[in-house]
Amino acid sequence: KGDLSVFETNIRFVGGLLSAFALTKDRMFLRKGEEIADLLLPAFDTPTGIPYSLIDVRSGKASNFPWASSGCSILAEFGTLQLEFDYLSNLTGNFIYSNKIVKMNEVIANLAKPSGLVPMFLNPHTGRWGNHEFSMGAMADSYYEYLLKKWLIGGKKEKIYKQRYDDVIKAMEAKMLHTSEQDKLVYFAELNGQTAVHQMEHLACFSAGMFALQAMNEESRDARRHYMSLAEGIGHTCHESYARSNILTLTIFAALGLGPEKFSMGNSNAEAISDRDKYYILRPEAIEG
């Protein structure tokens with residue numbers, strides 16, 4: 001009863017079942033994955049094809065979170081459906097799933113990108129960006145990851161996805177990548193319009209792994225060196241967020257040596273911004289990196 005997250009249901013249930021099928025070849029997993037994906041399809045019934053965030057599977061009624069830039073869809077959510085939906089179409093021969101993604105990607109590709117960046121919110125009715133907020137963390141993160149992995153899983157043949165990935169990452173490097181003055185820690189600031197917010201979320205630590213994966217698959221030696229160096233820099237910053245919570249604060253949480261949910265990159269480099277950020281909820285991003 002109630003609404004399900006389209007994004008969470010896709011990555012955990014559809015993705016999990018398809019992974020189980022890939023490993024076992026038991027078609028029960030494939031059938032169950034298809035059944036769940038079918039429940040999500042009404043979320044795509046918007047004027048633009050950009051899906052809603054929430055679906056009531058009993059009624060088929062879909063909606064967005066009211067707090068998301070006046071009811072917009074969220075970049076990390078609609079941008080993190082492609083691998084599962086494409087794979088499901090490839091396995092079943094039913095291209096209703098991949099066609100939804102093709103239409104969605106066409107909308108995104110045709111939109112002007114402010115300074116080359118992709119905002120976190122998109123209105124599924126008007127096809128216009130919401131607030132011009134940008135992040136490597138929450139509400140944006142896995143959009144970038146899926147562009148890169150779509151190129152890789154397709155055998156590097158669909159170069160348009162790598163181009164889209166390169167374009168947005170280069171814009172983020174130009175506008176959002178910083179090195180702290182005090183300890184020379186590398187990080188992506190958040191951006192609100194043209195204003196940089198010098199903090200980093202634990203979620204953004206995934207990008208160390210993403211850049212390492214990119215570096216391993218670049219043709220150019222210079223590109224390989226550049227992105228592996230960036231991966232190492234982000235990884236070091238995230239390591240420091242764990243190490244410094246143990247050294248510089250006197251809480252039971254810190255004694256465990258766990259990184260906080262969010263940390264400042266201002267005067268207190270890689271330390272929790274406030275007490276309400278000193279928590280850890282089994283996030284895998286730093287480990288992934």
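Cβ coordinates come from backbone N, Cα and C, glycine included.
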Quiz item: Among CYS72, CYS238, which cysteine is annotated in TrEMBL as forming a disulphide with CYS205?
Solution: CYS238
Practice problem: Have a look at the recorded positions GLU8, CYS205, CYS238, GLU261 and say which one has the shortest Cα distance to GLU285 (active site). | Solution: CYS205
Exercise. Would you count the other CB atoms within 10 A of the CB of ASP141 (active site), including those on all shown protein chains?
Key: 24
Exercise. Have a look at the active-site residues (GLU8, GLU261, GLU285) and report the one with the fewest Cβ neighbours inside 10 Å.
Key: GLU8
